[in-house]
Amino acid sequence: MKNIAVLASGRGTNLQAIIENIENGTLKANLACVISDNKDAKALERARQHNIEAVYIDPGPKKTWLIPEVEQKYVQALKDRNVDLVCLAGFMRIIKTPLLEAFKGRILNIHPALLPSFPGLDVQRKALEYGVKFSGCTVHFVTADVDAGPIVTQAAVRVLDDDTPEILAERILKEEWRIYTEAINIVLSGKYRIEGRRVIRT
Ligand code: GRF
């Protein structure tokens, strides 16, 4: 069984889905630890409730990324636990070289829009205001360019006329919980190859 780690900064509903899918056998992985840059993250509490190691690593001085010395602590924590695949789930930091190099091609992220549309933050509101009729979610490999790595899988959801950003976010989340597990299973199985930007199942 391969080891995964989840990095999360907040409420952790994707983490919760991962935990439950491991427990019910849908997700074939061992969750080695949950790491957060926020000591009050609900995600850490969810981990503890399921007897999963919950690790807080002080993010240091910067708001949107970690200085190399700090990011190295994240790398060390992941290496110490023999993590094969790092899953970002609402981790509010831009990933830089130490982690990208140590886990090259082994970091996934979930994003609540159909990339390459609406990268960044507050994307359900942006999708709604833009007037798209479909939005959705994307699981992609993490590269140095934010929200731009090769796409493992996506799911589309309809945008309805009376949606608010919150209602749309809720509809997208239900798909996130499903496709993150699907994507992790694909990547852990190793049955894919990357051609250019394309992730092709083998
Ligand atoms: C999700 O919408 C995810 O796509 C985005 O951050 C949010 C995290 O939600 N990257 P949760 O903490 O998993 O509930």
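Placement of Cβ uses the backbone N, Cα and C atoms for every residue, glycine included.
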(message) Can you find which of Lys28, Lys39, Lys42, Lys63 TrEMBL lists as binding (6R)-10-formyltetrahydrofolate at the same site as Met92, Arg93, Ile94, Ile95, Asn109?
(response) Lys63
(request) Scan Asn14, Lys63, Met92, Ile94 for binding-site residues whose C-beta lands under 6 Å from an atom of ligand 1 and note them, or write none. (result) Asn14
(request) Name the one residue among Ile95, Asn109, Asp147 whose Cα is closest in three-dimensional space to that of Gly12 (N(1)-(5-phospho-beta-D-ribosyl)glycinamide binding site); these are the recorded positions. (result) Asn109
(request) Enumerate the residues of the same chain, Gly12, Thr13, Asn14 excluded, that satisfy the criterion Cβ within 8 A of the mean position of the Cβ atoms of the recorded N(1)-(5-phospho-beta-D-ribosyl)glycinamide site; list them in sequence order. (result) Ala8, Gly10, Arg11, Leu15, Gln16, Ala17, Ile18, Ala43, Arg46, Ala89, Gly90, Trp177
(message) Fewest other C-beta atoms within 10 angstroms of its own C-beta: which of the binding-site residues Met92, Ile95 fits that?
(response) Met92
(request) List only the single closest residue to His111 (active site, proton donor), chosen from the binding-site residues Thr13, Asn14, Lys63, Arg93, Ile94 by CA-CA distance. (result) Asn14
(message) Can you give me the same-chain residues 6 or more apart in sequence from Asn14 (N(1)-(5-phospho-beta-D-ribosyl)glycinamide binding site) with a CB-CB distance under 8 Å?
(response) Val6, Ala8, Ala89, Gly90, Ile110, Leu173, Glu176, Trp177, Tyr180
